[in-house]
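Data block below; observations after.
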Amino acid sequence: MSQQGYVATPPYSQAQPGMGGYPAGFGSSPAQPLYAHYGGQPQSFTAPPTGKAAFLWSLIPPVKSNRFYPTGLILSFGKCVKKNKVIVRLHSCSVLKVVHPPLAYPAGPGPMQSPQAPHTSPPAQQPFQTAPPPTMGHSTLGPPPTGPHSPQMAHPQSPLAGPSMGGHQSMGGMGRPFPGPPPPGAGGFQQPGPGAAGQPGYPQQPQGTEAQLPDHCKALWICRASFLESDEAYSLNKTWLSGIICTQVTEDDQAKRGGQVYTTNLRGQVPPLVTTDYTVQDQGNASPRFMRCTTYSFPCTADLAKQCQVPLGAIIKPFAKVPKNETPLYVVNHGETGPIRCNRCKAYMCPYMQFIDGGRRYQCGFCNCVNEVPAFYFQHLDHMGRRVDLYERPELLLGSYEFEATLDYCKNNKPASPPAYIFMIDVSYANIKSGLVRLVCEELKTLLDNLPRYTHNKHTSTVKVGFVTYNKILHFYNVKSALAQPQMMVVSDTAEMFVPLLDGFLVNFQESRAVITNLLDQIPDMFADTNESETVFAPVIQAGVEALKTAECSGKLFIFHSSIPTAEAPGKLKNRDDKKLINTEKEKTLFQPQKGVYEQLSKDCVSQGCSVDLFLFPSQYVDLATMGDVPTHTGGSIFKYSNFQVYTNSMHFLSDLRKDVEKAIGFDAIMRVRTSTGFRATNFFGAIHMNNTTDVEMAAVDCDKAVTVEFKHDDKLSEETGALMQCALLYTTVSGQRRLRIHNLSLNCSAQLSELYKSCETDALINFFAKSAYRAMLNQPLKTVREILVNQTAHMLACYRKNCASPSAASQLILPDAMKVFPVYLNSLMKTGPLVGSAELSTDDRAHQRLSTTAMGVEDTQLLLYPRLVPLHNMDFASDVVPAPVRCSEERLTDAGMFLLENGRSLFLWLGQACPPELVQRVFNVPSLAHVPADLSSLPVLDNPQSKKLRSIIDSLLDQRPSAMKLLIVKQKDRSEMLFRQHLVEDKGLHGGASYMDFLCYVHREIRQVLT
């Protein structure tokens, strides 16, 4: 039975060269292989009917047992004898279908150039307009609203002169009209004519069904469509297009599955969205907090996978935080024997093992090998073939659990030691004068009380600490508890780095508290008169590795650094930031790390289990692409605070530092993903290092780091047995114990592509696409990367249309229900700094975002690519309920509004110029908007409901996110508003990139090209 997806018709479906907002980024479909796929040639599809036949056919409802097209606005253009226009209007229901035959429009411009002058057109070529949609949540197609925005003839003086500030729509709610023959828009893209997609608030249609219209609308559909011959046309409100709304999808999922218990007992069960609040009950498959897949129904054959071109992947976050209302992972101890494993594939004991022969043997679910059960593990089977002790064995019952590892799993067969944290502070002139060194030292006095602890021993931490300061030379400190004063030892030969002391460098903080506090008091004064501005960097990391190697333990380096390392030493860097390379074949070199010293450092760090966290405070270019290479390959993090000032940035930095020191973490980790027969893991993305094709090595892995895994077929999969995967992570705890953390997941397999599309997880898909693109940009021009992204998307959606959807007009854009918000995510991805070639963006900022995204989990990429825009001005301040987010577009802003926008990295409080003075007074304690300080980084603590509620919302967000976010107060029409607007991802990008409407038109064109 065919599956009908979400339908939306881009307003202008004629072939258009170039892509709005992207510099020469989109041409014809590229011939190179697609990401995550087999590199096959584009398929040949049968084209749907077009031209006059399609136009006439479209006016007749499909003869299919009272079925109509699925919910969604279906719009395009017809032809009129008099004025070259035809408009089909239903008098008592919303516009449903207007089809255009091929029209002879003038040829458009080529790929994107610089923005051109606004275009105006004579009244005869005013745009097509239609009424805005009914209220969100309206479940049926009703008559169009009346009033000032109801369909009417556009006045010749309609605002066709171009976009408002920043290239966005005006806030009146109406989309900017486009003339009939599409003029070159900003950047040279032919602006599409108006059109729309599904109406917001339409009920979600079940798979395989189509929307049912009221009887009076059916009659009108057939009988009362009228051709309007007029000099003017209707204007299409862009809100029509937002029937495919990200916020509506998340709200629907929250309403349907929010607050419920999600049990993992079913194979191939699609979990709630990452934005939904749910509780997980582990019953045999890993929680979606630990593992999410791009689709929960794998195609049975490689040919099917190649045909649909949906990447098969899993995003694994081994140390994901478990909410307090969920059970923490059980620890299984099998004594000196160690964990039980399959003799052939080495998979660990799990719920997928089948016990046979009265319990004396078991068959591996991954490779089907029959193994003997060890004597100590034997147990009888009940009448259903299950072990009698099933409910006493977490490894037989649960999807996630841990094993205590034996000496066989330890380096050199020796017990692991507790890890160490080494704090390495740049004491060059810039950091001393800015006050950073004093700030760090003061914070460490109290922060070290909160070092991570083993769960069952909360009173003390076994993590040891050490301290190094440096500029051109390195200073090591002996802080042994027996000393009255700390001792400094200097290493000036940075070419041959060594640690000058063994005993007293790494100590227990509680035992040496007095000496450490004394040292932290002295460091700022010790270097107060320094004039040294040159620094080293690679020798600092090498010193940390040598210290951990000497102590025979793993650990983490916290490096506080401010400038590009220019001192004569290994790892010296030079400024290679060349804006002339932007939008050229050589732009990729800006993001490629310099090889040699840093590449070897990464290997040394991983080998020793030494993770590097880099806190950067640059005032100019520092070649972050190279400096961030070691942290990225060692499971570390990079924090960047440009033009750091203690007064304005200290809270942001200290919050990040506290989160980083206190977070749950494992060290010296190695991960392997095993699969059942028929497919295998082939590619890995993350803050990882790989010496071979199967073992993922991480010097450390914390609760925020995720690894994205790609799978490919090597044989046929069975619908009966499904697809099984097991992630095994061997690591050292903060208390020095060696553990194995196991996550198991079972998926369905199907020979029907419709099942694959129905089981897709859009948030996981965009995580995969983002990491694939950010890796590809190191080796391919950005133009090619963007073309591949759109090309693969077009192939995915074209395959769905050809194989799963009901026959329909070529003018319709049909999206699988599970992927209907994918285009808005993809468009947002293509407008991110790394993929937009703009000289206005800092190269270091672009490199930072690329490196940070590499290790993100699904929820982090979802929020980054579609920020939350929360209206605060009309919320109930007496309630605990947080207002639902609205579309991330300027259209939703109002002059009298107050909005909070956050994407996990940035936090803005936007104030409209007509924001009520009473609200301003209660939140900021000033009489009017003009009195609100521009440099405010936190809200004043006031005793009133508005202040308490707003501060509570912000505090909750800051607590949920992995990184701290600095609050920026943005007033409407201030200069600072430009920073805010670049996060309104449905609008046109400030640095290049199409609006959601334009991008959807372009994707539709690409799909039609694939189909023909």
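For all residues, glycine too, the Cβ spot is worked out from N, Cα and C.
Keep in mind that TrEMBL annotations are predicted by a computer and have not been checked by a curator.
According to TrEMBL, the protein carries these features:
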REGION    107-211  region 'Disordered'
COMPBIAS  120-135  compositional bias 'Pro residues'
COMPBIAS  186-198  compositional bias 'Gly residues'
COMPBIAS  199-208  compositional bias 'Low complexity'
DOMAIN    339-377  domain 'Zinc finger Sec23/Sec24-type'
DOMAIN    417-661  domain 'Sec23/Sec24 trunk'
DOMAIN    666-750  domain 'Sec23/Sec24 beta-sandwich'
DOMAIN    762-861  domain 'Sec23/Sec24 helical'
DOMAIN    881-954  domain 'Gelsolin-like'
If we skip the immediate neighbours and take only residues 6+ beyond the ends of the domain 'Zinc finger Sec23/Sec24-type' (339-377), which ones have a Cβ under 8 Å from one of its Cβ atoms?
284, 332, 385-387, 395-399, 403, 405, 674-677, 724, 726, 728, 740, 742, 744, 746
Can you tell me how the residues of the domain 'Sec23/Sec24 beta-sandwich' (666-750) break down into helix, strand and coil by DSSP?
0 helix, 55 strand, 30 coil
Its residues classified by DSSP, the domain 'Gelsolin-like' (881-954) shows 24 helix, 11 strand, 39 coil
Which numbers of helix, strand and coil residues does DSSP report for the domain 'Sec23/Sec24 helical' (762-861)?
68 helix, 3 strand, 29 coil
Across the domain 'Sec23/Sec24 trunk' (417-661), average pLDDT on the 0 to 100 scale:
93
